[in-house]
Every structure is written in structure tokens, then in C-alpha cells.
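Taken from TrEMBL as is:
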type: COMPBIAS; residues: 11-22; note: compositional bias 'Low complexity'
type: COMPBIAS; residues: 284-295; note: compositional bias 'Basic and acidic residues'
type: DOMAIN; residues: 99-180; note: domain 'Cation-transporting P-type ATPase N-terminal'
type: REGION; residues: 1-93; note: region 'Disordered'
type: REGION; residues: 275-296; note: region 'Disordered'
type: TRANSMEM; residues: 156-179; note: transmembrane segment
type: TRANSMEM; residues: 191-209; note: transmembrane segment
type: TRANSMEM; residues: 351-372; note: transmembrane segment
type: TRANSMEM; residues: 384-408; note: transmembrane segment
type: TRANSMEM; residues: 848-881; note: transmembrane segment
type: TRANSMEM; residues: 971-991; note: transmembrane segment
type: TRANSMEM; residues: 1078-1099; note: transmembrane segment
type: TRANSMEM; residues: 1111-1134; note: transmembrane segment
Amino acid sequence: MDEKLDLTVQESSTTTGNETEGIPPPGGDHRIQFAVTSRPEHKNEDTSNFIAPGRRSQSVASGTRRPMSIHSIPPVYTEKERKRRKREEDEEKKAVNIDEHLLGHQEVADRYHTNINLDKPAESLGLTTHQAEQLLQEHGPNILTPPKKKHPILKFLGYLTSLFNMLLIVAGCLEYILLGIDFKDNFPNTYLGAILILVAFINAFIEFYQQYKSQALLESFLNMIPAKCMALRDGKLSQIDASTLVPGDIVYARMGDKTPADMLVFSASDCKVDNSSLTGESEPQERTKDNDMRSPLESTNLMFNSTLIISGEAFGIVIRTGDSTVLGQIANLTAGEEKMESPLTHEIGNFVKIIATIAILTALIFFGIAFPVNDNNVSLALNFAIGIFVAWVPEGLPATVTMLLTIAAKRMAGQNVLVKDLQGVETLGAITLLATDKTGTLTRNQMTTTDLWTCNELYETSRRAGAEKGVATIDHPGVIDMLYICALCSKAKFDRTDVPMKEREILGDATESGLIRYATTQLPDYDNLANEFPKVFELPFNSDTKWHMTIHKKAHANGSLTLLIKGAPERVWALCNRFLVGTDGQSEELSAVHKKAYDEIYEGMASKGNRVLGFAELLLPGDEYPEDFVFDKKAKNYPLGNFVFVGLAALQDPPKHGVREAIGRCRAAGIKVIMVTGDHPLTAEAIGRKINLMLSETKQMIAKRLDKPVEEVAEDESRAIVVHGEQIDGLTDADWDNIFWKDEVIFARTSPKHKLEIVRRAQSMGHIVGVTGDGVNDAPALKKADLGIAMNMSGSDVSKEAASMILLDDNFASIIKGIEEGRLIFVNLKKSIKYTISHIIPEVIPNLLYVIVPIPLPLSAILILVIDLGFELIAALSFAWDPPETEDGLMHMPPRKPVTPKNADTFRRRALRRTQSRYDEQTGVVIPLEDRTMIQKLVHTVKQFFTKVYWVDKFENTGGEVLVDGPLLSWAYIEIGMIEAVGCLVSFFVVMQRRGISPYDAHIMQKGQSSPTNYWTKNAEPYTNKNGVFDAATQVDILAEAQSMYYWAVMTLQMFNLFASKTRLTLPFGKYMFSNRATFYSILGGSALAAFIIYTPGVEIVFGTTRSLSPLYWLVPMAFGLVIIAYAALRIVIQRRARPVKFNPEVVGLQMFPTIYSFRSRNRSVSSNN
């Protein structure tokens, strides 16, 4: 939601703005004149260390040029996307354009069969009640069609049928299939199967409940109260529900009301509306019965649904209701967009496919091995295959991921960031491009007086760091005169006067509110000014004169009345013949010197994007205008010239506190921040340069500095660009790529459709896009983005519904906290998964050896369940509270999926394969395969699996970091997993050896486990070796003690792995290891659980353990645990040398010093602490 620049600035700076931004004159070519596609060239370099283009040094003095490159693959669209785009184009052609603003009032009344009175609008008859009832049946209620919502049960089933949960359910069902194979021996597996299925349901419930709570909180923010409005029916003015309005109704709207429908104004009195949520214009727009604009959105006699009336009153004819309104059309555009799948959802899905593939292949392979080894015993081989499949499934991982995200979401809520979708927590940390609007997001949406020019002196209105000008005070000549004009020549008022100034709300338009707010800080006893200098005459501001005049009883040396005037500088200047030079009205004749100074100051203020107003006064002579003189508008018996020019005031919607530092941190974190605004290019660029968003020179600036035409400046010489909305529709694919390869980008004068297209284009390059916004016009882009971020306090209901995340305090700086939290949760999730799946190998290896060698089963199914859902789950959750390894380290690393030229081509090449399209390098065009049947598409997909291109593309390094990658799987399944498996097996056999059973004896006895010897069972025959005779009870006790030791060894080794998995940059010991108390609580809890299962009387019967396990055996896994720590440290040292971590280079020119406000806040906090 963004503003347009005030007319006073546009008149004087339109030409300058067009020249600055390269906007051609009307009727000219609106295309941006690009050279051939220019992208950074990176030959013979390690792309893994490549930093995203947006992160390169922004030094203005840099002379590095980016060489030209061959054409890249253009954007690739799915068949669904192509159909949607074609549907949008068709709907645009079919759309009935509003033309009522071009017709006469009576003509419109006749069209809608209503009766109006142009002379006395309050006496209009309007529709009859019978007409209204019929039209309501025909057109339906005046409400927007609510977005379709899934039934809660369907939502729950959606979570339940996620890939991970389905894998758990399948694994659980397979356990019951084992009952049909061997009911007696496999009966204990029914517990495991039931719990696996239960875990899937619990995990789905946790996700569903978290989403339900967020949605409930969101709905509490939405305005659900039915709106009322004043309408004329049967000639009577009455209050009715806005939902019952129909086309043809006559509506009376006044200050403070929201326009209930789209309507044509046929009578207005000083009426101004705030269109900011709809069109992006934050400056109130005047509404009159007359209009000379062809565009409906720019017409002055149309009022649109949901826009707020700032001042005055108006009568209008309803011409559109419900979904037919402009608001409804934007809402429909939003409904047509689909949410992008989050990176985390995509990567977890890939991980589940990897796990499922490994599990199925392993089960099939070892079924084939176990079948001949066990004398072609199908039952045993199948039992073994299903057991192997289940052992591969990390049962506790889905719950761990969900709980980690839930904990992070709660932390973010504490920082005023509400997450509607759990996956959005991590998505915020993964974004590579943040597209933000300006007004209300980056700026305060509150006009503030910044500079004064009076008596030929330029002042600032407040002290700031690095200021070069003095601060205006009432002691300076002319300042007091300007303050009186600000305070008295105004229609703005305070809502109340019984509270301090800072707590009051100003009723009036943004410009006058900014002047009043400044005047109150400088003038003593402001509340009594109106009584001290009463107003005797007023000419309000209008679009013809562009000035506001008041006359007050304010005495001076020559009389009792003073005329005050403010407005468009050039209009006010034209009415003046003298120039104020001192106190008490001292002035001199205007001269060329004054004109030159005025032009320079005015141009300087306007070029910075400021709204500029001119001030003048006239001390009315008492002999001509006595105190009781009666001024008359019709007689025009008031002065209209020969005024004294007092000065100029510059106003600006200033950046919010903390925004500059927040954008600086975003850029230091490797995130490209672009501004997408409906504002004027000059204003947008001026704000962008104040908040670290734009530091480099545009082509126009370079051309001016080098004194040569813009056309002669090569495209690769500039790193910054400001794109006007008029140019967007004509951009080619190459143009879009050129824009996004710039380091600093601002899109100005954009429409909702433009914002949506910008998001789509960025996503087509592989960007993970975050979009912030608060207006209805932002909603389509919010929904299409990977992460839509809406504002709570200033945001519209439509934008909140479309977004995935809401800033409760409307503070842009909260996004930085969210990004840091998102990056941290990704790192912690990765560590948690790395830790969790490491215990799979110590669970799978025993099953393999049990069948293939064979040896006694070291770990029973029930103990596997206790590991996965016992201390493993507790320990995995402890990672949620791990802090970053280094202070600010996360925010100085590139995004985990940086967008580089190579990565963008890889992304699009994969899109080609996914959409079954092909790229013609000769023409540079993507050719989709159309009119293919489902069978043809299926055959094409199957064929892809047997092509070299598919597998090369599948395993190509994309330059990004994924949740579960090769190094993580290597750590879990090959490195630490194997160390743990060896350590556990050694512990297992040490116990057996101490009890007299050697590994060879164990192998022999296991081969005789079945009838007639039945070793290791309660019915076993005695086994004799050199250490003695072992009866059935002794065999069962030895196996129980050895299994207890294996279970304890897995727990112990995983505790050491808990520390080894924590670090990536630092060694796994030292201060960081003690930074998370939850780690030690989890170790304590896990140890207590293991001790309870092994040493508690009675419990051993359930879990098949024994209390006779000696603590002396604990030393064996502890020794292997030290090996794990040593190996992890060695691994980190080697990685530091082989693949050192690359941080983002410093962005030259960032202004990260605190503002005066920050200093004051810091001083107040220090004082309060003292």
C-alpha cells in the first residue's frame, strides 16, 4: 500500500522524475532500453562459494564491469500456469469497464432506475423498498464471496496423509501383516505397529492444532461486525446494513465512514477519501461531483468500496456491489493464486522418498539373501524383510520436526510475528528476495515536517546524526510566522484535548496533520491558539486554486487582521510580491536573487521526494480592513495578491525507526531487498537511499556524472535501477532477467497485477520470495509469494487472509528477528535430523546380522520402540533451544539457496524436464509440449528415468543447501552410524563374554535357536562349552543382560553424538557445548528413562531387560563415545581446510549507525536499569 506524490510536487518535478527514471514522454516507447542480456560471468570458479548477486559490494566508486553473457533459459511455466495466465487475459478482455464516471448524473440515475435531486441531494427519493428487494434478489448481497475453507476434518486428513505420516502408517500396518505370518512370535510387534500409527495421528493433530490456533487468533483480528451505512430509500434517510445495498441506492457518507460500495458522487462538500488500501495512494484524494479523468481509478467523482472518508460528506449512486466492485475484482485475483509449496515441505518430502527408497530396496535385497540362508524359509525371510523396512523408519522424526517448528513459532509470536503455517517459520529464514511495499511498511504512513526555508535560511526541524543544517527554533526569523500558518491555516483538529499531545489523534489529511504535529512541539499553549487568534474567514483548499487561505484576528502594528495562506509553492509564489527577511513582518521586494534561491531550494526539496508547500501572509491594513470587516466569498472582497512570501516547508513520510538497520542486516545476510510501490519514482528512490535499499548509481545518475546520453551507458555499468509501472507490461523475458540481476531494484507506480507479475518472475529464477504488504492491492502478491507477510494494525482483512505470516506490531524490524529465527531453526532442524537418524544403523545392523550370520538378536522390537519414542525424541527436541554457534554468524552467511546465473539455469532446466518442454537455443524460446494425453505424458515421464540427462540433472549441484544432503546422510549412515553400531555390538559381546558365551558360541547357539534345541528361549536345551553348562534360565538372562547393554550403549553413544552433532563451525567442545540447558535436561531425562527400563523391578518383564547389568559395562560405550567426539573434531578440522565456510562480503556504503531515536531509547533503558 503506497502513496502517490502530492500534485504540488508532481507539477514541478514530473519532468525531472521522468528524466531521472528514464520514463519516456506520453506516446513514446515505454520499454526499458536494455542491451543484450547481461549477467555476471563466473568461469572456472567454485560455484559453491558464489555469493548471490544481491550481496556484492555496492560501492559507487567500484569500476568492476560484468561482462556480457550468452542467453539464459527464459522462464518456464507449467501447463496449469499457462492456462491461468490465458484465463486472466481473457477475463481482462471480458471485464466490463466502469464508464459511469464519464456520464451525466441524471443519465446514471436513469440507467439504475433511481431518483436523485441534484439541487437538494438530501431530498432525493432513491429506490423504493420494493425495487431494492427485487435488485437484492438479482444481484445478491453486497459482500465479498468469502474464500473457500476446508472442513476441519479434511484439513486433519491432509496433515495425516503427508508423506512422512503415510510412511509411519504403512510401517505400522506392516507390523500387523507379520501377525499373519507368525502370530505367536510376532505378537510383541503389534505394540510397535499400534504406536507407529498412533504417532502419525498425534503428529497430524499437533500440526492441525497449531494451524487452528493461528487461524483463530487471526480471525480475532479481522473485523467481523456487519457494516452499517446511511441510505435514501422512499425518500427517507435511514441506517441499513451495508450488505443490503443494491445498484441504484443513494448513499450518504461522511467523515469517518467507510464507503460501503462503489458509487458515483453527485454531490460533495469538502470530501476527501483515503484510497491507500486499494490503489496505493496514501495522500487523501478529493471527491467532487465533477470529473475530467478517463481512468476510473483516477476519476474524482467515484468512491470505491472499503475506502475511508477522511473529511467532508458526499451523496452517491451505488454502481457496483459485492464481487463486482474494484475491491471484489482484486479479491478474485487473489483467489486465483495458489500457494507455493514451502522449501521445507519439499525437502522433507524428498527425504521421505529417500528413506522409503532405501527401506524398500534394503528389504528386497536382504529378503533375497535371507531366503536361501535360512533354508528357503519364506516366513522367516518375509518377517525379516518387514522388520528391516520398519527399522529404517525414524518413527520420532515427524513429531520432532513438528515440535521444533511449533517451539520456534511460539518464540516468534513472542517477538510479534504470528505464523499461520508452521512451515512458514523456516521459509522466512530461506528467502532470497524480499519485496516490500513502502507506505506503512517501510515508512510510518504519517507525514512529518522535515525542513523549513524562511528568511533565506534553510533549517531542519529536528536534530539528527550527521546533520549539516541548523535546527529551526522560534528564535530564528520567520520560523514563528511559519508555525502560526501551520497551526491556524488548517482544517485539521485533535480528537480530544484532555490528554497529552502524544496521545491525541489528529483528524485531518496527512499533510495538515504533519504540519500540526510539528507546530505542537514548538508553540507554547497550542490549545488556546484558536481562541487567541479566532478565524474570521476561510477559503478551503481545492484542486483549482491549490491553496488554502484563512484570515484571523491577529493584531500587528498596522491593524487587527492577518491573512495566512499555504499551498502549492508555485501558486503561492505567484501571489506574492514581497519576501520576508526578518521579524515583525519585515520584508523586501521580490527580486531575481530571491527567485533563484526559491528555485534552488524548491528543486532540492522536491528531488528528495518531499512534499513541498509554500507559505505566505499579509498583514491587512486596519484602515482598509477593520477588525469587524465582513468578508464575502461571492463578493470576493478579500485580497488575492501582493502577499509576503514567508517560506517553504518540506514534508515526508519518514522511514520507521529501525527500518534502515533492518534492511542493512537483510543485505548483509545475502537477501536482495526490492521496493514495490505505487508511489512516484522520485519519492521511492529518495526513501530507498535513506534506508540502505539503494546505494549505487542508476544509469541516469552515471550518465549525468559522465555528461553523456543515457543510451551510451552500458547496462552492466549500473547496479541499481528504478522501474516505472508503465514499463512493466512491455518487458521481455531478457528485460526481466536484467532487472533481477541488478543489485538494487525499485518498482514504482505499480498496480496489484504488476506486483503479482514481479513475484512470479522472481520465482521463475529460483528465488524464494517474501512479500510484505498491508493493502487490498497487496493481497494477490502476498498469496502467490513463498511467504506473504501482512501487517496487523494497518493491514486489510483481505491481505491478512492471503498472507502466511502477520507482523502483530507492524514493525518491519520484526522480519529480521524472524529471518534469524528461521535460519536458526533450519540449522537446528538439520542438527536434529542428523542426530536422530544416526541411531538407525545401530538398529538395522543387528537385524541383518541376526538373519545373515546369524547371531542372537541384540535389540528387540520393543526396545527399538523405546529408543525411537523415548530418549531419542526428548534429546532431538533439545536442539530447538540451541543458540547460533557464533554471534551474528547466521546473518552473515548467504541464503541456503542463493540465486546465481548457474543456479537459475539449473532451476529452469529442471522446470523444462518437469513440464516436458524444450528450449530452442537458436531462438531462445521455451517450446511447451501441448495437446498430449495423460498416457503420453506418463510414458514421457517413465522414459525420463532411463536417460542420462535425467540422472545428471538429478544429482547436479544446485549450489544450495538442503535439509537432508549427502554429508548428513554420510554422517548418519556411514560414519557415526557405523561407529555406534560397532560400539554397541562390542558392548553386547563384552557382556556375553563376561557371562561365558563367546561370539562363536553365540553364533552356534543362534543357529540352534529353533527346534529341537530352542536356544535362547525358556524351553532351551542346556548348552555346554569350556566355561560350563548354561541352562534355559541362564541363557534367557544372559541374552536379556546383553540386550539391556545394547540398549544402554545406543543411548550412551547417542548422548555423545548429541554434542558431536551440534557444531559445524566450531569444535565439539568448549563453551558452546554448555550454552543450551535443555541438552543436559534431555540427557538427564534419557538416562532416567533408560535406568527405569533396565533397573526398575517388574519393568524388565515388559521390555525383556534385566536388573543384573553392571554399571562397569557402561565404560565400553563411553570409550566409543570419546571416539565419536574425536572423529567429529577431526572431521571439522578437515572440512575447514577443504571447504571453508564463506561469509558474505561486506556491503560497502551500508549505514548501520543508530538513529537519534535509537540513542534516546538506549539512554532511557540504561537509566531505567540504573
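Including glycine, each Cβ sits where the backbone N, Cα and C put it.
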Review point. Counting Cβ pairs under 8 Å to the transmembrane segment (1111-1134), which of 156-179, 191-209, 384-408, 848-881, 971-991 comes out on top?
Key: 971-991
Point to revise | In contact by Cβ distance (the transmembrane segment (384-408), the transmembrane segment (1078-1099); 3 or more pairs under 8 Å) | key: no
Revision key, fill the gap. Per the Cβ filter (under 8 Å) with a sequence gap of at least 6 from its ends, the transmembrane segment (848-881) is approached by 188-189, 191-192, 195, 199, 366, 369-370, 373-374, 380-381, 384, 387-388, 391, 394-397, 399-400, 403-404, 407-408, 825, 828-829, 831-832, 835-836, 839, 842, 984-985, 988, 999, 1002-1003, 1005-1007, 1009, 1016, 1039, 1042-1043, 1046-1047, 1050-1051, 1054-1055, 1058, 1062, 1076-1079, 1081-1083, 1085-1087, 1089-1090, 1093, 1102-1105
Check your understanding: the domain 'Cation-transporting P-type ATPase N-terminal' (99-180): mean pLDDT?
Key -> 86
Check your understanding: For the compositional bias 'Basic and acidic residues' (284-295), what does DSSP give as the number of helix, strand and coil residues?
Key -> 0 helix, 3 strand, 9 coil
